[in-house]
């Protein structure tokens with residue numbers, strides 16, 4: 001405990017030095033008492049609490065001891081004294097040349113054990129646990145206040161906007177990953193001949209990978225740093241996403257997408273933690289909300305690319321029958337581009353200075369803060385400050401391993417953040433369960449309505465007899481009962497949703513025939529010849545084949561996207577649903593700091609839950625699409641405000657871990673939502689509507705019980 005307190009005390013001392021350096025350029029004169037103050041800090045283990053530096057201070061008096069602690073009896077003359085470096089110059093139009101002396105060691109001038117020198121504070125060993133905890137909390141509060149002053153001095157400008165677009169690419173990659181799953185699922189499972197029992201695993205396993213990734217990378221970012229962990233996680237995502245487009249087996253494809261999801265799982269918790277730590281308090285809510293728009297942009301990008309690429313079956317090549325590279329694989333490669341771009345751009349950005357401070361790397365933090373300030377000042381045409389780092393203090397070493405990540409995670413359930421962690425987890429789970437559950441249910445309901453309409457237009461042919469005819473065109477959505485086909489030729493044609501029942505094929509010739517959703521039930525083939533077709537036992541149900549032969553049958557499963565209107569329609573619906581969140585994004589960004597995070601969070605979730613009841617009236621495709629857009633538009637404000645609240649509620653030493661845990665709960669809810677809502681499609685409307693409404697309203701009410709973070713500084 002002594003060592004932890006000493007480290008925290010030294011940490012706050014370093015932040016105090018940095019705060020004074022950042023504030024010092026605002027006055028015309030520099031105090032000559034800096035060295036004397038630094039000597040005092042080095043001699044004593046405690047330091048004076050941060051005083052109001054805006055007051056004019058003319059004198060510097062020594063510290064007096066009160067109950068084992070120091071108190072300022074007179075104001076520090078540090079701001080009032082003159083400096084040779086700045087004497088006679090106006091700081092508003094002159095470059096300030098100062099010197100950062102490093103962070104004084106906390107153990108200089110130690111007393112012997114068992115002794116308390118006059119003027120020295122009481123040893124930590126003589127203090128109670130409560131006193132030490134109070135001092136640690138006071139240190140954290142002081143550090144947060146000082147860092148806030150620093151960020152206000154650095155201003156908001158070019159640096160923040162550069163980081164905004166770089167982190168936006170990473171967040172865009174997360175949005176793309178979510179949509180890629182739904183878009184490639186039908187074509188990937190068809191291309192790889194996945195049986196019905198294996199269908200659906202792709203969606204679930206990717207979310208599982210994202211769940212573990214969010215927890216792991218979020219926790220690791222509190223140990224290794226925001227930038228480094230984000231770089232590694234995005235690299236993992238990009239590599240395995242690219243690799244998944246080339247593997248042929250479904251099991252290997254599942255493995256690659258799971259590892260890819262594990263990588264991208266770290267994007268959301270790290271991106272928001274990273275960006276929040278370079279924003280001043282008055283800018284944080286608005287600009288974190290603007291950052292959320294990149295998730296929407298990722299969805300729009302994925303929808304547009306799917307519409308432009310996947311239905312074009314001709315965009316493919318093959319090497320024999322063993323290797324097939326279809327259009328959906330091209331789509332997977334294209335969707336990896338935002339991730340690659342984010343990795344390249346991120347290499348040019350610095351680490352979070354707030355993380356450096358937390359790790360005790362004060363000099364590194366100071367240099368990053370100088371970079372932020374100078375970048376913003378240059379963009380405004382204002383003079384920069386020039387600093388010389390003359391003393392370097394060894395940083396604290398925090399080992400990054402699984403045990404330390406777990407210990408940091410357990411700290412999220414310590415007072416005073418325990419209740420907030422439980423409430424946040426509940427809100428994340430309920431919002432995600434309703435959102436992802438309905439996101440699966442909406443498209444499936446639309447497909448179900450399309451299938452009903454398609455089935456209503458089926459053409460039925462009974463007892464027909466066709467002789468010596470050549471079929472070289474597509475037969476679609478037909479049922480043939482008790483038909484007789486004599487000496488007919490089926491050449492270079494397709495069967496799409498065609499069913500032959502109790503029909504006979506006598507001396508018929510089949511060449512280059514593809515059949516999608518087509519079956520022969522209780523049919524008889526006599527003296528028939530099949531060449532380069534995909535008609536096999538799976539499509540011959542209770543049928544007899546007499547004196548007939550099959551040659552060079554097509555292997556693999558046939559894609560269904562040639563001239564398929566429904567494929568375009570699915571992507572267009574998702575595009576509209578994603579675009580519908582744009583008004584909600586704009587409103588939440590503009591009002592986040594005005595009406596408050598909690599009002600927006602609770603109100604948005606309650607309104608989203610109420611909007612679910614309008615699904616009773618969704619009896620057509622157009623009505624269901626309208627309901628999808630309305631729901632997405634109302635729920636996006638809840639997502640944005642939840643991201644902001646989660647970032648602001650956790651202190652820096654566990655911000656990534658806490659956010660990662662909440663995001664992991666989000667992905668767990670997505671898996672459960674997919675399974676539960678997906679099983680209810682076509683069965684009943686009542687259960688999905690009531691389930692989604694109840695969890696959303698309940699989560700919104702819990703969200704209203706969270707503490708308001710509008711006025712918070714980042715602890």
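Backbone N, Cα and C atoms are what each Cβ position is placed from, and that goes for glycine too.
All TrEMBL annotations are machine predictions without curation.
Lifted from TrEMBL, the feature list:
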type	residues	note
REGION	1-90	region 'Disordered'
COMPBIAS	33-43	compositional bias 'Basic and acidic residues'
REGION	102-139	region 'Disordered'
COMPBIAS	127-137	compositional bias 'Basic and acidic residues'
DOMAIN	163-710	domain 'Major facilitator superfamily (MFS) profile'
TRANSMEM	163-186	transmembrane segment
TRANSMEM	198-217	transmembrane segment
TRANSMEM	229-246	transmembrane segment
TRANSMEM	252-276	transmembrane segment
TRANSMEM	288-310	transmembrane segment
TRANSMEM	330-349	transmembrane segment
TRANSMEM	424-442	transmembrane segment
TRANSMEM	568-591	transmembrane segment
TRANSMEM	598-617	transmembrane segment
TRANSMEM	623-645	transmembrane segment
TRANSMEM	657-680	transmembrane segment
TRANSMEM	686-706	transmembrane segment
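In summary, the transmembrane segment (623-645) lies against the transmembrane segment (288-310): three or more C-beta pairs, each 6 or more positions apart in sequence, are under 8 Å. Mean pLDDT for the domain 'Major facilitator superfamily (MFS) profile' (163-710) in the predicted structure: 82. Residues 170, 173, 177, 180, 213, 217, 220-221, 253, 256-257, 259-267, 270-271, 274, 325, 329-330, 332-333, 335-336, 339-340, 342-343, 346-347, 656 of the same chain, all 6+ positions outside the transmembrane segment (229-246), place their C-beta atoms under 8 angstroms from a C-beta of that stretch.
Contact check: the transmembrane segment (288-310) against the transmembrane segment (163-186) gives at least three Cβ pairs closer than 8 Å, residues 6 or more apart, which meets the contact criterion.
For the transmembrane segment (252-276), the partner stretch with the highest count of Cβ pairs under 8 angstroms, out of 163-186, 330-349, 598-617, 686-706, is 163-186. Of the two recorded stretches, the transmembrane segment (163-186) lies close to the transmembrane segment (568-591), with three or more CB pairs under 8 Å once pairs fewer than 6 apart in sequence are set aside. Proximity of distant same-chain residues to the transmembrane segment (598-617), defined by a Cβ-Cβ separation under 8 Å and at least 6 residues beyond the stretch ends, is recorded for 427, 430-431, 434, 438, 584, 588, 591-592, 623-624, 627, 630-631, 634-638, 640-642, 645, 685, 688-689, 692-697, 699-701, 703-704, 706, 708. Outside the transmembrane segment (568-591) by six or more residues, the chain places 179, 182-183, 286-287, 289-290, 292-293, 296, 299-300, 303-304, 306-307, 310-311, 442-443, 446-447, 450, 600, 604, 625, 628-630, 632-637, 640-641 with a CB less than 8 A from a CB of the stretch.
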